[in-house]
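Colleague: Pulled from TrEMBL, these are the listed features:
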SIGNAL    1-20  signal peptide
DOMAIN    159-208  domain 'LRRCT'
REPEAT    211-253  repeat 'EAR'
REPEAT    257-299  repeat 'EAR'
REPEAT    303-350  repeat 'EAR'
REPEAT    352-395  repeat 'EAR'
REPEAT    397-440  repeat 'EAR'
REPEAT    442-484  repeat 'EAR'
REPEAT    488-533  repeat 'EAR'
Amino acid sequence: MGGAGILLLLLLAGAGAVVAWRPPKGKCPLRCSCSKDSALCEGSPDLPVSFSPTLLSLSLVRTGVTQLKAGSFLRIPSLHLLLFTSNSFSVIEDDAFAGLSHLQYLFIEDNEIGSISKNALRGLRSLTHLSLANNHLEALPRFLFRGLETLTHVDLRGNPFQCDCRILWLLQWMPTMNASVGTGACAGPTALSHMQIHHLDPKTFKCRAIELSWFQTVGESALSVELFSYQGEPHIVLAQPFASRCLILSWDYSLQRFRPEEELPAPSVVSCKPLVLGPSLFVLAARLWGGSQLWARPSPGLRLAPTQTLAPRRLLRPNDAELLWLEGQPCFVVADASKAGSTTLLCRDGPGFYPHQSLHAWHRDTDAEALELDGRPHLLLASASQRPVLFHWTGGRFERRTDIPEAEDVYATRHFQAGGDVFLCLTRYIGDSMVMRWDGSMFRLLQQLPSRGAHVFQPLLIARDQLAILGSDFAFSQVLRLEPDKGLLEPLQELGPPALVAPRAFAHVTIAGRRFLFAACFKGPTQIYQHHEIDLSA
């Protein structure tokens, strides 16, 4: 007999048990030996069986018990000790020990238990010693020990525990309890086989996954998607060239969906860039033909109206627009892709926005990205004719600082920050898109990712995850996640179904505790996905 059996004999002896004594007929089942307040059964039938309601200790050894069902011991509520040894049952159901509020010692050892329900131990508020040693348990359900505040000794040794995410909760629970816990060694996975469980570091477990699942479709195609907050409510604006409009969406709290709120006529629009200044809302509509326009709403309750045509002699074929703040003033930079036009910085002056500086003339710029490096504003321009050029703000204007080596044929750039570093995602249509990191003087190559018809490589910080989405015209768009330990982007999932058709821009918004990803597509409808967090340790 094991340690628990020895403890049982000591308890019986300490109580002055006389083994020869038997209770009245019907109170000690066949194949059981009974004393005044204890019983030892070997080969007895399934539970429940008839015992004295004042029984204090019960041992079941090599019995015919095949399962522990709910309420198996309701007829003997006075039990202080319960022992199972060398039985054949494999499952313990919820509330198997219901009614045993006085039970202090529970030993379930050397059985064939492979599964235990999370509420199996519910109600054992007096339990101090628990042993599940030498069974077939590969994992324990989270919250198994919830409510067992009196535990002082737990023995889990001799089980083939798989030290994956299912064991994380146990590692986190042990330091919170004033109890001695014997856990034994891992049986798997192979990398952790034979390692003592109490030597595992919970911080090394990666047990949180994310998933982006389809939520809603917005019917028309789009080239850009932008988020802004107005009067405390998040909004989204889409540039829809085939519908000739900038479409503003808001959240319908009744229908729990996004709905159109307002649309701005804008034929051949490529970008709709919002700016909120107090009660005023501005939207820059960059258009291929007919001139780019500024729309304004002076105060809530009014509709947006066109107020200004922007730099008609300089912006001949805009391809991208970005917002940046310079010396406390809002400015737009519009990348122009025509040979005769020029990328232009437009800054606020009175009621409108006017050209402050022409940049990069004759280079057919395809993209502009505003960022901060070394505490100063910078601007990165991607071009169809040369490598991306980095400008820095000095003396009230942008001056060329450097270009990015080994970065030919870059269509667009986007940056993000992580761990104090500045990273850059560079989009290439054919070849390899790239990830670079700023080293204090230059962006250096960190990672290359195969591109197949990519027009967008968009980093997004969603909840705690730094993601990047590499769009594709010819294959599924890839979602990648930055792994802090490696400092690299690792594949997470493909977006779809439905699959994205020629994606051009991504943005995310959080509403009422729910997180959504917008994917603007040039040859198909805009798709909205919902972000879900999955706890793999549950």
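Cβ from N, Cα, C; glycine included.
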Colleague: Taking a Cβ cut-off under 8 Å, which residues six or more beyond the ends of the repeat 'EAR' (257-299) line up next to it in the same chain?
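Modeller: Apart from its flanks, the repeat 'EAR' (257-299) reaches 216, 218, 223-224, 226, 228-231, 235-241, 244-251, 305-312, 315, 317-323, 330, 332, 334, 352-353, 516, 528.
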Colleague: Across the whole of the repeat 'EAR' (397-440), what does the mean pLDDT come to? Round it, please.
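Modeller: Averaging the confidence scores along the repeat 'EAR' (397-440) gives 95.
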Colleague: Across the repeat 'EAR' (442-484), what are the DSSP residue counts per state (helix, strand, coil)?
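Modeller: For that range the per-state counts are 0 helix, 28 strand, 15 coil.
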Colleague: Can you work out which residues elsewhere in the same chain, 6+ from the ends of the repeat 'EAR' (211-253), have a Cβ less than 8 Å from its Cβ atoms?
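Modeller: Contacts of the repeat 'EAR' (211-253) (Cβ under 8 Å, skipping residues fewer than 6 from its ends): 259-276, 279, 281, 283, 285-286, 288, 295, 300, 479, 493, 495-498, 504-512, 516-532, 534.
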Colleague: Within the repeat 'EAR' (488-533), count helix residues (DSSP H, G, I), strand residues (E, B) and coil residues, in that order.
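Modeller: Helix, strand and coil residues of the repeat 'EAR' (488-533) number 0 helix, 32 strand, 14 coil.
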Colleague: On the DSSP side of things, how many residues of the domain 'LRRCT' (159-208) fall into helix, strand and coil, could you say?
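Modeller: So the domain 'LRRCT' (159-208) is made up of 21 helix, 8 strand, 21 coil.
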Colleague: What residues in the same chain, six or more past the boundaries of the repeat 'EAR' (442-484), come closer than 8 Å to it by Cβ-Cβ distance?
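Modeller: Distal contacts: 210, 212, 390, 402, 404-406, 411-412, 414-416, 418-419, 423-436, 490-496, 499-500, 502-508, 515, 517, 519, 522-523, 531, 533.
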